[in-house]
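Chemist: I have a structure here, written as structure tokens, and I will follow up with some questions on it.
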Amino acid sequence: MSSQFIFEDVPQRNAATFNPEVGYVAFIGKYGQQLNFGVARVFFLNQKKAKMVLHKTAQPSVDLTFGGVKFTVVNNHFPQYVSNPVPDNAITLHRMSGYLARWIADTCKASVLKLAEASAQIVMPLAEVKGCTWADGYTMYLGFAPGAEMFLDAFDFYPLVIEMHRVLKDNMDVNFMKKVLRQRYGTMTAEEWMTQKITEIKAAFNSVGQLAWAKSGFSPAARTFLQQFGINI
């Protein structure tokens, strides 16, 4: 007696339909009235911890509260869920990071007073470890946020060149750059800005090149301390 094995078609995973601009507008439409710099501060200081929590949580959708505001996120960090398709209108931790960074940038661009307020409250951990501060400009500082690569125009190409420096200086696998190299710059496709925006990209690359760029885990104060003993990082 023969056994039967039946195989059915499965939906293709198609990430090409996701539009960050549309996603951002929907995010602001849902949470915009609740956002403030305090919420953003709590999020970025706890983003790594939240990622670890999701990695251990066997739930496809999780409510995370930052600064008193509850966000429902799709959990694509739990090992069994990593390959699950994410709906275009859903929020992941990565998308939320990019959306919040974009919201901060838009708010700072519209008001010098808001820029001063943001710089006094919000800390971007990865930027700080690399020697970047608010004094280097909000587009560079916020460009270190995961997800900022979705909005290359809002961040003056800094998310792109930051990843370049991570490849060159931190030995990051260049394959991690695939996502940023597919992004649009405003209405321009990746193929267009790669040839038409070289001057701007090189300027941003050189600006980031001026940072101390310590290896992760060493703050500017720690580097200065170690230099007194001949240890240069």
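Placed from the backbone N, Cα and C atoms, the Cβ positions cover glycine too.
From Swiss-Prot, here are the annotated features:
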- GLN12, ALA15, ALA16, LYS48, LYS51, HIS77, ARG95, ARG166, LYS178, LYS179, ARG182, ARG184: RNA binding site (BINDING)
Chemist: Can you tell which of the binding-site residues (LYS51, ARG95, LYS178, ARG182) has the fewest other C-beta atoms within 10 angstroms of its C-beta?
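Modeler: It is LYS178 that, of the binding-site residues LYS51, ARG95, LYS178, ARG182, has the fewest other Cβ atoms within 10 Å.
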Chemist: Tell me the coarse DSSP state (helix, strand, coil) of LYS178 (RNA binding site).
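Modeler: It is coil.
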